[in-house]
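Inspection log for the structure reproduced underneath, given as structure tokens.
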Amino acid sequence: VKVWFQNRRTKYKRLHTDGKEILSDSNSKDQKSLSDDDEDSDGDGDDNDDDEEDDELVKRDESEDNVLIESIHQNQNNLKFENETLSKHSISESSKRINVNTFSIQNPYSFTENKQFTPSKECQQYIDHSKLNNPLGSQIINDLSEKSKISDYTKYAWNSLKQIHDNLNIDNGIERKQSSMLHSSQHLLNTVNQNLNYLQHSCR
């Protein structure tokens, strides 16, 4: 606070003196170059009067500032801080209505235990297609569909699903073997034809 008042005094004094110098410079430019000694002495007297007025203004400002600073210090000393222990968050009415037990952890399989599941359209098409192409695995498909209706599908482990998938695609495995044999025989036939062509050209 003291620094602020001191800066205010210096700024005020600087502005006041600078303004006086600017006015005196402008007046000196407008006045004639010739002047009497009496006029110079009168000017010095005016300057002395102005300096006295400036000193009085500065003293008055200083006294007012000191009174204000003293009152500020007194007010600061009179302040009393009461130690209050407040809760971090006040409990609102909406927070009181929230029941924590509403979001209890449940068994992930319990909600599907007693529900009946029906296959989707795509699943039903796959089942029908598999029945037509694999009559031997129709019983397995029926068992699987019945299990899916009364139990959760996620209970089956991946190995069991893989085994069921392999059982349903027996013909696909045979077809893969047949295509592999066909590819090998075709490759062998192409090799024989190339050798025959080579022999024919060499005999000529």
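Yeah, the Cβs are placed from backbone N, Cα and C, and that goes for glycine too.
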Which range of 1-15, 181-195 is DNA-binding region, per Swiss-Prot: 1-15
Averaged pLDDT, computed only over the residues in the DNA-binding region (1-15): 56
